[in-house]
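Below is one structure, written out as structure tokens; the observations come after it.
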Amino acid sequence: MGKKQKENEAYGNSAKYDPSFRGPIKNRGCTDIICCVLFLVFILGYIVVGLVAWVYGDPRQVLYPRNSTGAYCGVGDNKDKPYVLYFNILSCAAAINVISIAENGLQCPTPQVCVSSCPQTPWVVEGFQLSNTVGDVYKEYRNFCVPAVSPDMVVMDSLQKGLCPSFLLPSTPALGRCFPLPNINFTLPEQLQINNTTVSKGISGLLDSINARDVSVKIFEDFAQSWYWILVALGVALVLSLLFILLLRLVAAPLVLLLIVGVLAVLAYGIYHCWQQYRELRDQGVSITQLGFTANLSAYQNVKETWLAALIILAVLEGVLLLMLIFLRQRIRIAIALLKEASRAVGQMMSTMFYPLVTFVLLVICIGYWAVTALYLATSGQPQYVYWVHNTSTPGCEKVLVNVSCDPMAPLNSSCPELKCTFTGYSSSGLAQRSLFNLQIYGILGLFWTVNWVLALGQCVLAGAFASFYWAFHKPRDIPTFPLSSAFIRTLRYHTGSLAFGALILTLVQIARVILEYIDHKLRGSQNPVARCIICCFKCCLWCLEKFIKFLNRNAYIMIAIYGKNFCVSAKNAFMLLMRNVVRVVVLDKVTDLLLFFGKLLVVGGVGVLSFFFFSGRIKGLGKDFKNPDLNYYWLPIMTSIMGAYVIASGFFSVFGMCVDTLFLCFLEDLERNDGSQERPYYMPKALLKILGKKNEVPTGGKNRKK
């Protein structure tokens, strides 16, 4: 006893009885004011970054294609002309890929015009037509010439000045551009030095994007056909998640016992299987000394030492679990009782189950704001125009300086007939552009900090609501009328700074992990094993640190919700309280994890199986109203339903997990504060009192306050 008391003293003294304490303290003050001010100033700066991005950014360069003058196709004056036609796409096809299409607008050294539709038939200017006028030759193809070209201009002049195309190829629109189709059964004049082979080679890289578009259309069609049934599947997931949590008060004990026995049975079968494999390979198998080290991991399946090592590991795990069942059965019973009480708390405050919707909306706002800001920052800059000549050997164009900046609105006073002022891209100069990297870093920091703050807000609000349930002596009579909304207002009013403090600590660790992941990605091709090993060790350490900080923050927010102290004091008190009851913490954590994992498996697996049999048409006789839709890819709505079910189950079970953690801390505080006397009665339910062998004294001449 003396040794245990000394260990407890090392982690602080037990909580003292406070006659005025009746659950979450209402008379509290603002905490971590400096962090609150810092967070608000940072948010103001984040808004300023968004305004700068809005002023200087132009996302149209990603969303819409541009012609040679830099005008956007599909908007403004070109609203009815959504596609770009390249007079000679082969001059830039070799440098085209999907990324450059999106980022650079596919600016190539060839004239580009906005068109209402892409060419459908092949066509070429014949030699005898060069002396005719544009109005006569391009009668049916004026849409493919520069709008400003005069119909009285000679065709030869229009070709030299790059005002009209010399040939047209059957094309298909993709990503807002007209890309030639492959296998064209058409022979072009030899002077153009273009043939079908050249066309096929030049645009082969673009066909992937065209095929991707066809796939995207099919995917859209599948969603249009199956969206209703996907919503039905998500509704089933919601009902299953809610039923699982509400039924835990009835089936928690047998379910936990069944899961533990199931784990023991799986380990026992693993031991048996490893023994069988080891016995077969003991006399005729290859030993580890004979095989040595090899990168072919499948080769180790025929090594007897592999199965022997697996057998030993599984046997140790089996033994540890059996010893835990024998010596920690009392703590397992406490964990089961807390799970039942958590189910009861959720049933009393059903509004808490839908709080994840608030968190989801706030996360969408945070992520959406960052994404829009990052897009506008990436597309900031003034348009740049340079002089360009189609053929510098043309008389009068030999001495023209190309790639020199110009003004597209100024008249071209030059002896070169082919001289153009062409759009090339956006500048990287200017205050916003020079600070682009720093602004993007600021935005990433803002993303992590705001997301972690929103998650912290949800945890603290739920903790306040569930704490008010536990510390209500007569349930449900003493539970506040609106526990969730009261906790929400209380948290925002007093503890924004504390949440920002905890979120900032977690953000810094996550940013460090991102930097390490980036360095590891850069070193992936490196042959230096020492550097790779060091990076791997740092990544492992930061992963463990992040997990620990998340655990500490979660319990700190519970203490903040109950007592209204600042972050550091709350984190210290929570840590000391948990360390004084470390065995109970481990048992409850593992039992809860096992139960929630089974719940997720049940919900996601059930929805997945039902979706598979329905969308694949394996369920017959459902009637006309329940006929499965005709789909191109039936796995698409199945995967969507499974992922949606996982998100819904995670949202519901995260609330339940927070409830268990909150009730557990309140239970530990209850044990330390109270002794069951009339002056200091326990607040825990009768099931926990019975397990612990404790009881509340009955007042003389009256009934026990405890129901």
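Keep in mind that glycine also has a Cβ here, set from the backbone N, Cα and C atoms.
Owing to the predicted nature of the structure, the values given are computational and were not obtained by experimental measurement.
Both Gly57 and Trp635 belong to one identically named topological domain in Swiss-Prot, hence to the same side of the membrane. For the ranges 91-111, 595-615, the feature annotated in Swiss-Prot as transmembrane segment maps to 595-615. Fewest other C-beta atoms within 10 Å: among the glycosylation sites Asn67, Asn403, that description fits Asn403. Using the rule of three or more Cβ pairs under 8 Å, pairs at least 6 apart in sequence, the transmembrane segment (595-615) is in contact with the transmembrane segment (251-271). Mean pLDDT for the topological domain 'Extracellular' (520-557) in this predicted model: 85. Contact between the transmembrane segment (499-519) and the transmembrane segment (33-53) holds: at least three of their C-beta pairs are under 8 Å, each pair 6 or more apart in sequence. Counting C-beta pairs under 8 angstroms (sequence separation of 6 or more), the transmembrane segment (453-473) fails to reach the transmembrane segment (308-328), with fewer than 3 such pairs. In this structure, the CA atom of Asn403 (N-linked glycosylation site) is 17 Å away from the CA atom of Asn67 (N-linked glycosylation site).
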